[in-house]
Amino acid sequence: MGLGVVAELVRLGVLSSTSDHASVVSINLFIALLCACIVLGHLLEENRWVNESITALIIGLCTGVIILLTTKGKSSHVLVFSEDLFFIYLLPPIIFNAGFQVKKKQFFRNFMTITLFGAVGTMISFFTISLGAIAIFSRMNIGTLDVGDFLAIGAIFSATDSVCTLQVLHQDETPLLYSLVFGEGVVNDATSVVLFNALQNFDLNHIDVAVVLKFLANFLYLFLSSTFLGVFAGLLSAYIIKKLYIGRHSTDREVALMMLMAYLSYMLAELLDLSGILTVFFCGIVMSHYTWHNVTESSRVTTKHAFATLSFIAETFLFLYVGMDALDIEKWEFASDSPGKSISISAILLGLVLVGRAAFVFPLSFLSNLTKKTPLEKITWRQQIVIWWAGLMRGAVSIALAYNKFTRSGHTQLHGNAIMITSTITVVLFSTMVFGMMTKPLIRLLLPASCNAVTSEPSSPKSLHSPLLTSMQGSDLETASHSQIARPSSLRMLLSKPTHTVHYYWRKFDNALMRPMFGGRGFVPYSPGSPTEQSVHGGR
């Protein structure tokens with residue numbers, strides 16, 4: 001994957017090379033830097049301040065400085081940021097692996113809260129940042145920026161990057177907190193990109209009620225259509241592999257089919273102008289629930305590690321990429337005639353990010369806690385601070401959207417656009433490095449080891465729903481347990497515990513119809529060499 005991406009960089013002209021020899025040198029340099037990031041990340045694993053993403057960012061910056069010095073300040077163009085490269089090659093493996101590896105029990109148990117934070121919260125942040133930008137930047141004579149540009153700024157800076165926080169949190173120690181931060185991060189990125197794309201389709205200089213309603217309808221259409229496409233692609237892959245059982249001839253083929261079907265879902269979403277992020281994320285969830293159990297045991301191990309490795313390389317590539325592009329001398333020259341204005345704009349954007357994040361985390365946490373009945377289910381004040389902090393970092397999604405809006409093929413000659421690009425880069429670097437370095441100490445302060453074993457739901461053997469939630473996969477256990485427990489009426493269940501009730505009826509539907517058709521744990525018939533359920537006692 002790494003070689004393919006670098007080769008594509010050359011093809012796209014992203015790697016500047018005047019000869020074949022220069023291309024080979026550039027590719028060697030970049031692969032060496034990737035190796036250095038991995039080695040240094042390993043050596044700094046226990047460091048209090050620095051994590052792997054910050055290491056890659058710093059190496060990228062240092063490399064950019066060296067290139068500037070060796071070219072005497074004329075060029076830093078070993079890399080030029082390409083949003084096409086980012087969205088087509090780097091983002092899909094990261095998002096797919098997030099869906100494929102997620103602990104579905106925790107994710108869907110907290111799905112309403114995650115959706116509240118990721119979708120509603122992003123909208124609140126979007127409006128807060130957009131209104132702030134309109135009120136402040138319109139008076140600063142930045143350039144030829146209009147209302148559409150200011151709304152785009154709101155979408156750009158609503159996209160969070162919670163990688164630094166997730167590298168510190170652990171799914172097993174803080175399941176509620178991890179699932180909220182992780183789930184909100186994915187839904188937030190998808191919502192921000194959908195918002196950004198929806199904004200491009202409207203004349204925002206003449207806003208009225210009809211335009212707003214049409215915008216919201218378009219937003220919901222993109223959201224739901226993208227989700228449906230991802231689920232469909234995942235189910236199709238499960239059905240094909242279950243019916244044909246490709247693994248009896250070649251495990252390589254079934255692994256390749258899973259990878260290609262996942263990537264196809266993303267590219268189809270982009271082709272249809274939907275959200276590829278949402279599509280490939282839900283494709284990953286569906287594949288892990290059905291398809292993964294239909295392949296051979298060796299293919300399960302292979303896919304699990306292959307997807308994780310591709311995601312890891314893409315993520316490291318991304319931070320290295322952002323660090324090197326931050327020193328693109330062309331854009332800094334266009335903004336250099338007003339350095340004070342550029343710094344003040346970056347500071348204002350950072351302030352709007354802080355306010356926009358706080359505007360929804362604390363109020364929505366309060367509303368979420370009102371629906372919880374026990375203290376263990378509620379989001380504590382310390383956890384709210386961690387959730388707020390996790391969303392302060394801005395990353396490659398923000399840079400990619402900014403380049404998409406304010407440049408053409410990575411270049412711009414407009415003063416206002418150049419200032420917005422350099423300000424975006426400044427905010428991303430500052431938030432990732434400064435806030436990122438403070439993340440580990442902050443989490444250790446707020447969530448000491450004695451408080452790490454936080455659970456999102458009380459677990460009682462007499463609880464009606466405890467058998468439901470002990471495992472996302474253990475259908476036999478659920479069926480046996482529920483046959484022995486007298487259930488209250490469906491309406492009473494729905495009113496008292498809506499999430500659990502929906503999950504209960506989903507399990508019944510899944511076991512009765514979905515798994516017999518698409519496969520899954522316990523629903524793959526045995527045949528010699530088939531993917532039998534040997535992993536029941538130690539599986540996912």
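Each residue, glycine too, has its Cβ placed from N, Cα and C.
Residues or ranges marked as transmembrane segment by TrEMBL: 22-44 (among others).
The domain 'Cation/H+ exchanger transmembrane' annotation in TrEMBL covers 31-443.
For 56-73 (among others), the entry in TrEMBL reads transmembrane segment.
Residues annotated as transmembrane segment in TrEMBL: 85-102 (among others). Long-range contacts of the transmembrane segment (85-102) within the same chain, counting only residues at least 6 positions beyond its ends with a Cβ under 8 Å from a Cβ of the stretch, are 1, 4-5, 8-9, 12, 14, 182-183, 186, 189, 262-263, 266-267, 270, 276-277, 280-285, 287-288, 292, 304, 307-308, 310-311, 313-315, 317-318, 321, 396-397, 400.
Residues or ranges marked as transmembrane segment by TrEMBL: 114-138 (among others). Sequence-distant contacts of the transmembrane segment (114-138), counting only residues of its own chain at least 6 positions beyond either end whose CB sits under 8 Å from a CB of the stretch, comprise 107, 145, 147, 150-151, 153-155, 157-158, 179-180, 183-188, 190-192, 195, 223, 345, 348-349, 352-353, 355-357, 359-361, 364, 367-368, 387.
Positions annotated as transmembrane segment by TrEMBL: 219-241 (among others). Long-range contacts of the transmembrane segment (219-241) within the same chain: residues 119, 190-191, 194-195, 197-198, 247, 254, 257-258, 261-262, 264-265, 268-269, 272-287, 289-291, 294-295, 517-520, each at least 6 residues beyond the stretch ends and with a Cβ under 8 Å from a Cβ of the stretch.
Per TrEMBL, the feature transmembrane segment maps to 275-293 (among others). Residues 87, 91-92, 95-102, 104, 107, 186, 189-190, 193-194, 197, 222-223, 226-227, 229-231, 233-235, 237-238, 241-242, 258, 261-263, 265-269, 300, 303-304, 472, 514-515, 518-521, 523-524, 531, 533, 540 of the same chain lie 6+ residues outside the transmembrane segment (275-293) yet bring a C-beta within less than 8 angstroms of a C-beta in it.
Sequence annotations record features per position, and here TrEMBL assigns transmembrane segment to 305-323 (among others).
Under the heading transmembrane segment, TrEMBL lists 343-364 (among others).
Sequence annotations record features per position, and here TrEMBL assigns transmembrane segment to 385-406 (among others). With a cut-off of 8 Å between Cβ atoms, the residues of this chain six or more beyond the transmembrane segment (385-406) that come close are 81-83, 86-87, 90-91, 117, 149, 152, 155-157, 159-166, 169, 177, 180-181, 184-185, 188-189, 192-193, 196, 318-319, 321-322, 325, 353-354, 357-358, 361-362, 365, 379, 412, 414, 417-418, 420-421, 424-425, 427-428, 431-432, 435-436, 439, 442-443, 446-447.
The feature transmembrane segment is assigned by TrEMBL to 418-438 (among others). For the transmembrane segment (418-438), the list of distant contacts is 49-51, 53-54, 57-58, 61, 142-143, 145, 149, 153, 156-157, 161, 164, 319, 322-323, 325-326, 331-332, 334-335, 338, 341-343, 345-346, 349-350, 353, 389, 392-396, 398-399, 402-403, 405-407, 412: same-chain residues at least six beyond its ends, Cβ to Cβ under 8 Å.
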